[in-house]
Amino acid sequence: MLQRCIKCGKTYDVDEIIYTCECGGLLEIIYDYEEIKDKVSEEKLRKREIGVWRYLEYLPVKDESKIVSLCEGGTPLYRCNNLEKELGIKELYVKNEGANPTGSFKDRGMTVGVTRANELGVEVVGCASTGNTSASLAAYSARSGKKCIVLLPEGKVALGKLAQAMFYGAKVIQVKGNFDDALDMVKQLAKEKLIYLLNSINPFRLEGQKTIAFEICDQLNWQVPDRVIVPVGNAGNISAIWKGFKEFEITGIIDELPKMTGIQADGAKPIVEAFRKRAKDIIPYKNPETIATAIRIGNPVNAPKALDAIYSSGGYAEAVTDEEIVEAQKLLARKEGIFVEPASASSIAGLKKLLEEGIIDRDERIVCITTGHGLKDPDAAIRASEEPIKIECDMNVLKRILKEL
(Lines of atoms letter the chains of each structure in order from A and count residues from 1; the text may use other names and numbers.)
(Lines give C-alpha, C1' and ligand atoms only; values in the text may rest on other atoms or scores of the structure.)
Protein backbone atom coordinates (compact mmCIF):
# COMPACT_ATOMS: atom_id res chain seq x y z
CA MET A 1 0.00 0.00 0.00
CA LEU A 2 1.33 3.42 -0.97
CA GLN A 3 0.40 6.94 -2.03
CA ARG A 4 0.85 7.72 -5.73
CA CYS A 5 0.60 10.97 -7.68
CA ILE A 6 -2.00 10.82 -10.45
CA LYS A 7 0.02 13.37 -12.45
CA CYS A 8 3.66 12.25 -12.41
CA GLY A 9 3.43 8.81 -10.82
CA LYS A 10 5.75 9.52 -7.90
CA THR A 11 5.04 7.37 -4.85
CA TYR A 12 5.12 8.11 -1.14
CA ASP A 13 4.97 5.95 1.98
CA VAL A 14 1.47 5.75 3.46
CA ASP A 15 2.74 7.09 6.78
CA GLU A 16 4.09 10.29 5.23
CA ILE A 17 1.70 13.16 5.94
CA ILE A 18 1.40 14.79 2.56
CA TYR A 19 -1.71 15.99 0.73
CA THR A 20 -0.39 16.62 -2.79
CA CYS A 21 2.69 15.57 -4.71
CA GLU A 22 5.75 17.81 -4.99
CA CYS A 23 4.65 18.44 -8.58
CA GLY A 24 1.26 19.67 -7.36
CA GLY A 25 -0.64 16.58 -8.47
CA LEU A 26 -3.34 14.88 -6.42
CA LEU A 27 -2.55 11.64 -4.62
CA GLU A 28 -4.37 8.30 -4.63
CA ILE A 29 -3.96 5.18 -2.51
CA ILE A 30 -2.74 2.07 -4.32
CA TYR A 31 -2.95 -1.48 -2.94
CA ASP A 32 -1.56 -4.90 -3.69
CA TYR A 33 -4.64 -5.98 -5.63
CA GLU A 34 -3.43 -9.54 -6.14
CA GLU A 35 -3.24 -9.92 -2.36
CA ILE A 36 -6.77 -8.53 -1.98
CA LYS A 37 -8.00 -10.85 -4.73
CA ASP A 38 -6.67 -13.85 -2.79
CA LYS A 39 -8.39 -12.73 0.42
CA VAL A 40 -11.87 -11.64 -0.65
CA SER A 41 -14.88 -13.15 -2.36
CA GLU A 42 -18.54 -12.26 -2.60
CA GLU A 43 -19.32 -14.98 -0.07
CA LYS A 44 -16.74 -13.77 2.47
CA LEU A 45 -17.90 -10.16 2.19
CA ARG A 46 -21.55 -11.11 2.64
CA LYS A 47 -20.82 -12.86 5.95
CA ARG A 48 -19.84 -9.54 7.53
CA GLU A 49 -22.07 -6.78 8.85
CA ILE A 50 -22.95 -4.34 6.07
CA GLY A 51 -21.26 -0.96 6.25
CA VAL A 52 -17.98 0.70 5.36
CA TRP A 53 -15.82 -1.77 7.29
CA ARG A 54 -17.31 -4.81 5.55
CA TYR A 55 -14.74 -4.01 2.86
CA LEU A 56 -11.73 -3.81 5.20
CA GLU A 57 -9.23 -5.32 2.73
CA TYR A 58 -9.86 -2.39 0.36
CA LEU A 59 -9.27 0.24 3.06
CA PRO A 60 -5.95 1.83 4.15
CA VAL A 61 -5.89 0.69 7.77
CA LYS A 62 -3.08 -1.26 9.42
CA ASP A 63 -4.37 -1.49 13.00
CA GLU A 64 -8.04 -2.43 13.37
CA SER A 65 -7.98 -1.38 17.04
CA LYS A 66 -7.61 2.24 15.86
CA ILE A 67 -10.87 2.24 13.88
CA VAL A 68 -13.25 5.10 14.74
CA SER A 69 -16.80 4.21 13.72
CA LEU A 70 -20.38 5.37 14.18
CA CYS A 71 -21.79 2.43 12.17
CA GLU A 72 -21.66 4.37 8.91
CA GLY A 73 -22.53 2.93 5.52
CA GLY A 74 -25.09 0.24 4.83
CA THR A 75 -27.40 2.93 3.47
CA PRO A 76 -30.57 1.92 1.60
CA LEU A 77 -30.68 1.44 -2.15
CA TYR A 78 -34.30 2.16 -3.04
CA ARG A 79 -35.97 0.84 -6.20
CA CYS A 80 -38.01 3.86 -7.31
CA ASN A 81 -41.02 2.39 -9.12
CA ASN A 82 -43.08 5.58 -8.95
CA LEU A 83 -40.31 7.70 -10.43
CA GLU A 84 -39.73 5.09 -13.12
CA LYS A 85 -43.32 5.60 -14.25
CA GLU A 86 -43.09 9.37 -13.89
CA LEU A 87 -39.90 9.63 -15.96
CA GLY A 88 -40.64 6.77 -18.35
CA ILE A 89 -37.57 4.69 -17.57
CA LYS A 90 -37.01 0.99 -16.99
CA GLU A 91 -34.94 0.71 -13.80
CA LEU A 92 -34.07 3.45 -11.30
CA TYR A 93 -32.50 3.23 -7.86
CA VAL A 94 -31.65 5.90 -5.30
CA LYS A 95 -28.70 5.31 -2.98
CA ASN A 96 -29.74 7.41 0.01
CA GLU A 97 -26.61 8.61 1.80
CA GLY A 98 -28.70 10.79 4.09
CA ALA A 99 -29.17 7.65 6.20
CA ASN A 100 -25.59 7.87 7.51
CA PRO A 101 -25.00 8.79 11.20
CA THR A 102 -24.63 12.56 10.68
CA GLY A 103 -26.93 12.59 7.66
CA SER A 104 -24.51 12.63 4.73
CA PHE A 105 -22.05 10.55 2.71
CA LYS A 106 -19.16 12.37 4.39
CA ASP A 107 -19.32 9.89 7.27
CA ARG A 108 -17.87 7.19 5.02
CA GLY A 109 -14.80 9.32 4.44
CA MET A 110 -14.47 10.49 8.01
CA THR A 111 -14.50 7.02 9.55
CA VAL A 112 -11.43 6.21 7.44
CA GLY A 113 -9.86 9.68 7.68
CA VAL A 114 -10.12 9.93 11.46
CA THR A 115 -9.00 6.31 11.82
CA ARG A 116 -5.93 7.26 9.79
CA ALA A 117 -5.37 10.26 12.08
CA ASN A 118 -5.53 7.80 15.00
CA GLU A 119 -2.89 5.59 13.43
CA LEU A 120 -0.65 8.60 12.82
CA GLY A 121 -1.02 9.83 16.40
CA VAL A 122 -2.56 13.14 15.31
CA GLU A 123 -4.29 15.19 18.02
CA VAL A 124 -5.84 18.09 16.06
CA VAL A 125 -7.89 17.68 12.88
CA GLY A 126 -9.53 20.31 10.72
CA CYS A 127 -11.39 21.11 7.53
CA ALA A 128 -13.12 23.79 5.50
CA SER A 129 -16.72 23.06 4.71
CA THR A 130 -19.99 24.05 3.10
CA GLY A 131 -21.57 22.22 6.05
CA ASN A 132 -21.65 18.44 5.77
CA THR A 133 -17.90 17.90 6.07
CA SER A 134 -17.75 19.99 9.23
CA ALA A 135 -20.68 18.14 10.81
CA SER A 136 -19.13 14.77 10.05
CA LEU A 137 -15.60 15.64 11.14
CA ALA A 138 -16.91 17.18 14.36
CA ALA A 139 -18.82 13.97 15.17
CA TYR A 140 -15.92 11.61 14.46
CA SER A 141 -13.52 13.89 16.34
CA ALA A 142 -15.83 13.73 19.35
CA ARG A 143 -15.97 9.94 19.02
CA SER A 144 -12.17 9.69 18.95
CA GLY A 145 -11.41 12.38 21.54
CA LYS A 146 -9.56 14.62 19.10
CA LYS A 147 -9.55 18.41 18.95
CA CYS A 148 -11.33 19.75 15.88
CA ILE A 149 -11.42 23.07 14.07
CA VAL A 150 -13.73 23.79 11.13
CA LEU A 151 -13.83 26.84 8.87
CA LEU A 152 -17.12 27.79 7.24
CA PRO A 153 -18.05 30.60 4.83
CA GLU A 154 -20.03 33.08 6.92
CA GLY A 155 -23.75 33.09 6.16
CA LYS A 156 -23.38 30.37 3.51
CA VAL A 157 -24.02 27.23 5.58
CA ALA A 158 -27.45 25.68 6.18
CA LEU A 159 -28.47 25.91 9.82
CA GLY A 160 -28.90 22.17 10.31
CA LYS A 161 -25.26 21.58 9.41
CA LEU A 162 -23.99 24.53 11.42
CA ALA A 163 -25.88 23.30 14.49
CA GLN A 164 -24.31 19.85 14.17
CA ALA A 165 -20.73 21.13 14.00
CA MET A 166 -21.29 23.41 16.98
CA PHE A 167 -23.07 20.82 19.11
CA TYR A 168 -20.50 18.07 18.52
CA GLY A 169 -17.96 20.40 20.12
CA ALA A 170 -15.79 21.54 17.22
CA LYS A 171 -14.22 24.99 17.24
CA VAL A 172 -16.32 26.63 14.53
CA ILE A 173 -14.78 29.58 12.67
CA GLN A 174 -16.88 31.61 10.21
CA VAL A 175 -14.79 33.18 7.45
CA LYS A 176 -15.86 36.32 5.59
CA GLY A 177 -15.46 34.72 2.20
CA ASN A 178 -16.52 31.62 0.28
CA PHE A 179 -15.66 27.94 0.68
CA ASP A 180 -12.56 28.21 -1.49
CA ASP A 181 -11.21 31.01 0.73
CA ALA A 182 -11.79 28.87 3.82
CA LEU A 183 -10.07 25.90 2.17
CA ASP A 184 -7.00 28.00 1.35
CA MET A 185 -6.75 28.91 5.04
CA VAL A 186 -6.96 25.36 6.40
CA LYS A 187 -4.51 24.16 3.75
CA GLN A 188 -2.04 26.68 5.13
CA LEU A 189 -2.62 25.37 8.67
CA ALA A 190 -1.93 21.86 7.38
CA LYS A 191 1.20 23.01 5.56
CA GLU A 192 2.49 24.40 8.85
CA LYS A 193 1.60 21.04 10.49
CA LEU A 194 -0.83 22.69 12.91
CA ILE A 195 -3.69 20.36 11.92
CA TYR A 196 -4.28 17.11 10.06
CA LEU A 197 -6.40 18.18 7.10
CA LEU A 198 -9.48 16.08 6.34
CA ASN A 199 -10.92 17.75 3.30
CA SER A 200 -11.20 15.56 0.21
CA ILE A 201 -7.74 16.63 -0.92
CA ASN A 202 -6.69 14.02 1.64
CA PRO A 203 -6.68 10.74 -0.34
CA PHE A 204 -7.38 8.61 2.73
CA ARG A 205 -10.77 10.24 3.21
CA LEU A 206 -11.82 9.34 -0.32
CA GLU A 207 -11.03 5.70 0.40
CA GLY A 208 -14.02 5.55 2.72
CA GLN A 209 -16.31 7.18 0.18
CA LYS A 210 -15.50 4.61 -2.51
CA THR A 211 -17.45 2.05 -0.44
CA ILE A 212 -20.61 3.54 -1.98
CA ALA A 213 -19.63 1.68 -5.16
CA PHE A 214 -19.01 -1.54 -3.24
CA GLU A 215 -22.42 -1.37 -1.58
CA ILE A 216 -24.24 -0.65 -4.84
CA CYS A 217 -22.80 -3.84 -6.35
CA ASP A 218 -23.47 -5.76 -3.14
CA GLN A 219 -27.10 -4.58 -2.95
CA LEU A 220 -27.68 -5.35 -6.64
CA ASN A 221 -26.47 -8.92 -6.04
CA TRP A 222 -23.08 -8.18 -7.63
CA GLN A 223 -24.62 -6.61 -10.72
CA VAL A 224 -23.34 -3.28 -12.03
CA PRO A 225 -25.63 -0.38 -13.00
CA ASP A 226 -25.28 1.07 -16.48
CA ARG A 227 -24.94 4.56 -15.06
CA VAL A 228 -24.30 6.24 -11.71
CA ILE A 229 -25.37 9.88 -11.33
CA VAL A 230 -23.61 11.93 -8.65
CA PRO A 231 -23.99 15.52 -7.38
CA VAL A 232 -20.63 17.28 -7.78
CA GLY A 233 -19.22 19.99 -5.52
CA ASN A 234 -15.59 19.53 -4.50
CA ALA A 235 -15.63 16.47 -6.80
CA GLY A 236 -14.22 13.92 -4.38
CA ASN A 237 -17.26 11.66 -4.30
CA ILE A 238 -17.61 10.93 -8.01
CA SER A 239 -13.86 10.25 -8.09
CA ALA A 240 -14.04 7.92 -5.10
CA ILE A 241 -17.05 5.99 -6.39
CA TRP A 242 -15.33 5.43 -9.74
CA LYS A 243 -12.22 4.15 -7.93
CA GLY A 244 -14.40 1.74 -5.98
CA PHE A 245 -15.92 0.24 -9.11
CA LYS A 246 -12.49 -0.09 -10.72
CA GLU A 247 -11.07 -1.86 -7.67
CA PHE A 248 -13.94 -4.33 -7.63
CA GLU A 249 -13.24 -5.03 -11.30
CA ILE A 250 -9.49 -5.43 -10.75
CA THR A 251 -10.09 -7.93 -7.94
CA GLY A 252 -12.63 -9.95 -9.91
CA ILE A 253 -15.81 -9.09 -8.01
CA ILE A 254 -17.42 -7.47 -11.07
CA ASP A 255 -16.63 -7.55 -14.78
CA GLU A 256 -18.31 -4.34 -15.98
CA LEU A 257 -18.04 -0.65 -15.15
CA PRO A 258 -20.77 2.03 -15.10
CA LYS A 259 -20.84 5.38 -16.83
CA MET A 260 -20.13 8.07 -14.25
CA THR A 261 -22.30 11.15 -14.66
CA GLY A 262 -21.63 14.31 -12.65
CA ILE A 263 -24.24 16.98 -11.98
CA GLN A 264 -23.37 20.53 -10.92
CA ALA A 265 -25.49 23.55 -10.12
CA ASP A 266 -25.75 26.12 -12.90
CA GLY A 267 -24.15 28.76 -10.67
CA ALA A 268 -21.13 26.56 -9.88
CA LYS A 269 -20.29 24.40 -12.90
CA PRO A 270 -16.56 24.55 -13.71
CA ILE A 271 -16.38 20.79 -14.28
CA VAL A 272 -19.35 20.85 -16.66
CA GLU A 273 -17.74 23.66 -18.66
CA ALA A 274 -14.46 21.74 -18.86
CA PHE A 275 -16.34 18.61 -19.97
CA ARG A 276 -18.10 20.51 -22.75
CA LYS A 277 -14.67 21.54 -24.09
CA ARG A 278 -13.20 18.06 -23.46
CA ALA A 279 -10.61 19.85 -21.33
CA LYS A 280 -8.53 18.30 -18.55
CA ASP A 281 -8.42 21.45 -16.44
CA ILE A 282 -11.16 23.71 -15.11
CA ILE A 283 -11.53 27.47 -15.02
CA PRO A 284 -12.60 28.23 -11.42
CA TYR A 285 -15.67 30.27 -10.53
CA LYS A 286 -14.78 33.20 -8.28
CA ASN A 287 -18.27 33.71 -6.84
CA PRO A 288 -20.30 30.48 -7.10
CA GLU A 289 -23.98 30.77 -6.20
CA THR A 290 -26.78 28.20 -5.88
CA ILE A 291 -29.52 27.13 -3.51
CA ALA A 292 -27.65 23.83 -3.26
CA THR A 293 -25.17 25.00 -0.63
CA ALA A 294 -23.37 21.64 -0.41
CA ILE A 295 -22.15 21.99 -4.01
CA ARG A 296 -21.63 25.77 -3.99
CA ILE A 297 -17.94 25.37 -4.82
CA GLY A 298 -16.15 27.30 -7.55
CA ASN A 299 -12.75 25.62 -7.53
CA PRO A 300 -13.22 21.90 -6.82
CA VAL A 301 -10.02 20.34 -5.52
CA ASN A 302 -10.66 16.95 -7.11
CA ALA A 303 -11.62 18.25 -10.55
CA PRO A 304 -8.78 16.32 -12.30
CA LYS A 305 -9.93 13.04 -10.73
CA ALA A 306 -13.59 13.77 -11.47
CA LEU A 307 -12.96 14.59 -15.12
CA ASP A 308 -10.89 11.43 -15.48
CA ALA A 309 -13.76 9.39 -14.00
CA ILE A 310 -16.23 10.92 -16.45
CA TYR A 311 -13.99 10.59 -19.51
CA SER A 312 -12.66 7.10 -18.68
CA SER A 313 -16.13 5.69 -18.04
CA GLY A 314 -17.76 7.22 -21.12
CA GLY A 315 -19.92 9.28 -18.78
CA TYR A 316 -21.28 12.80 -18.88
CA ALA A 317 -21.46 16.09 -16.99
CA GLU A 318 -24.44 18.44 -16.89
CA ALA A 319 -25.62 21.49 -14.97
CA VAL A 320 -29.08 22.11 -13.54
CA THR A 321 -30.76 25.31 -12.42
CA ASP A 322 -31.93 26.02 -8.89
CA GLU A 323 -35.50 25.73 -10.14
CA GLU A 324 -34.79 22.27 -11.57
CA ILE A 325 -33.16 21.24 -8.29
CA VAL A 326 -36.16 22.32 -6.18
CA GLU A 327 -38.57 20.59 -8.57
CA ALA A 328 -36.54 17.37 -8.31
CA GLN A 329 -36.37 17.65 -4.53
CA LYS A 330 -40.17 17.82 -4.38
CA LEU A 331 -40.56 15.04 -6.94
CA LEU A 332 -38.39 12.63 -4.95
CA ALA A 333 -40.21 13.44 -1.71
CA ARG A 334 -43.72 13.25 -3.13
CA LYS A 335 -43.27 10.24 -5.39
CA GLU A 336 -40.94 8.10 -3.27
CA GLY A 337 -41.05 9.50 0.28
CA ILE A 338 -37.33 10.33 0.24
CA PHE A 339 -36.47 13.73 1.77
CA VAL A 340 -33.11 15.08 0.65
CA GLU A 341 -31.31 18.41 0.78
CA PRO A 342 -31.14 20.49 -2.44
CA ALA A 343 -27.65 19.36 -3.50
CA SER A 344 -28.75 15.73 -3.27
CA ALA A 345 -31.69 16.37 -5.56
CA SER A 346 -29.35 17.59 -8.30
CA SER A 347 -28.76 13.96 -9.29
CA ILE A 348 -32.50 13.50 -9.91
CA ALA A 349 -32.71 16.87 -11.68
CA GLY A 350 -29.77 15.86 -13.86
CA LEU A 351 -31.36 12.51 -14.70
CA LYS A 352 -34.58 14.22 -15.75
CA LYS A 353 -32.72 16.73 -17.91
CA LEU A 354 -30.50 14.15 -19.61
CA LEU A 355 -33.51 11.97 -20.37
CA GLU A 356 -35.22 14.93 -22.03
CA GLU A 357 -32.04 15.68 -24.01
CA GLY A 358 -31.75 12.06 -25.16
CA ILE A 359 -28.34 11.60 -23.55
CA ILE A 360 -29.54 8.80 -21.27
CA ASP A 361 -31.26 5.75 -22.73
CA ARG A 362 -34.57 4.96 -21.03
CA ASP A 363 -33.64 1.27 -20.86
CA GLU A 364 -30.56 1.89 -18.71
CA ARG A 365 -30.26 0.63 -15.14
CA ILE A 366 -29.55 3.86 -13.26
CA VAL A 367 -28.43 4.65 -9.72
CA CYS A 368 -28.77 8.22 -8.47
CA ILE A 369 -26.74 9.13 -5.41
CA THR A 370 -28.48 11.41 -2.92
CA THR A 371 -25.80 12.78 -0.64
CA GLY A 372 -27.53 14.39 2.34
CA HIS A 373 -30.74 14.32 4.39
CA GLY A 374 -33.43 16.95 3.86
CA LEU A 375 -33.25 18.02 7.51
CA LYS A 376 -29.76 19.35 6.80
CA ASP A 377 -31.42 22.37 5.18
CA PRO A 378 -35.05 22.57 6.33
CA ASP A 379 -35.29 26.26 5.46
CA ALA A 380 -34.85 25.47 1.77
CA ALA A 381 -37.64 22.90 1.94
CA ILE A 382 -39.98 25.27 3.77
CA ARG A 383 -39.35 28.05 1.24
CA ALA A 384 -40.21 25.66 -1.59
CA SER A 385 -43.44 24.43 0.01
CA GLU A 386 -46.95 25.78 0.36
CA GLU A 387 -47.90 27.47 3.62
CA PRO A 388 -49.72 25.17 6.08
CA ILE A 389 -53.48 25.75 6.21
CA LYS A 390 -54.64 27.44 9.42
CA ILE A 391 -58.17 26.84 10.75
CA GLU A 392 -60.19 27.26 13.91
CA CYS A 393 -61.23 24.15 15.88
CA ASP A 394 -64.11 23.55 13.46
CA MET A 395 -64.84 20.01 12.24
CA ASN A 396 -66.95 21.21 9.31
CA VAL A 397 -64.05 23.23 7.94
CA LEU A 398 -61.71 20.29 8.48
CA LYS A 399 -64.04 17.89 6.62
CA ARG A 400 -64.39 20.36 3.75
CA ILE A 401 -60.61 20.45 3.37
CA LEU A 402 -60.50 16.65 3.52
CA LYS A 403 -62.89 16.42 0.56
CA GLU A 404 -60.50 18.58 -1.49
CA LEU A 405 -57.60 16.16 -1.12
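Each position is counted from 1, following the chain as shown.
The backbone N, Cα and C atoms fix where each Cβ goes, glycine too.
Record features (Swiss-Prot):
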type	residues	note
BINDING	Asn132, Gly233, Asn234, Ala235, Gly236, Asn237, Thr371	pyridoxal 5'-phosphate binding site
MOD_RES	Lys106	N6-(pyridoxal phosphate)lysine
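Around the Cβ of the residue listed as 'N6-(pyridoxal phosphate)lysine', a 10 Å sphere holds 34 further Cβ atoms from the protein chains shown.
Those residues noted as binding pyridoxal 5'-phosphate (Asn132, Gly233, Asn234, Ala235, Gly236, Asn237, Thr371) have their most widely separated CA atoms at a distance of 14 Å.
Of all Cβ atoms in the shown protein chains, 25 besides its own fall within 10 Å of the Cβ of Asn234 (pyridoxal 5'-phosphate binding site). Comparing Asn132 (pyridoxal 5'-phosphate binding site) with Lys106 (N6-(pyridoxal phosphate)lysine), their Cα atoms are 7 Å apart once rounded. DSSP assigns Lys106 (N6-(pyridoxal phosphate)lysine) to a helix. Each of Phe105, Lys106, Ser200, Pro231, Val232, Ile238, Ala294, Ile295, Ile297, Pro300, Asn302 belongs to the same chain as Asn132, Gly233, Asn234, Ala235, Gly236, Asn237, Thr371, is absent from that list, and has a C-beta within 8 angstroms of the C-beta centroid marking the pyridoxal 5'-phosphate site. Just so you know, the Cβ of Gly236 (pyridoxal 5'-phosphate binding site) picks up 27 other Cβ atoms within 10 Å once every protein chain is counted. The binding-site residues listed here (Gly233, Asn234, Ala235) include no residue with a Cα within 10 A of the Cα of Lys106 (N6-(pyridoxal phosphate)lysine). The sparsest Cβ neighbourhood within 10 Å, among the listed binding-site residues (Gly233, Ala235), is found at Ala235. For Thr371 (pyridoxal 5'-phosphate binding site), the same-chain residues 6+ apart in sequence whose C-beta sits under 8 angstroms from its C-beta are Glu97, Gly98, Ser104, Phe105, Asn132, Pro231, Asn237, Ala294, Val340, Glu341, Ala343, Ser344. In the shown protein chains, 27 other C-beta atoms lie within 10 A of the C-beta of Asn237 (pyridoxal 5'-phosphate binding site). Other Cβ atoms within 10 Å of the Cβ of Asn132 (pyridoxal 5'-phosphate binding site), summed over all protein chains shown, number 31.
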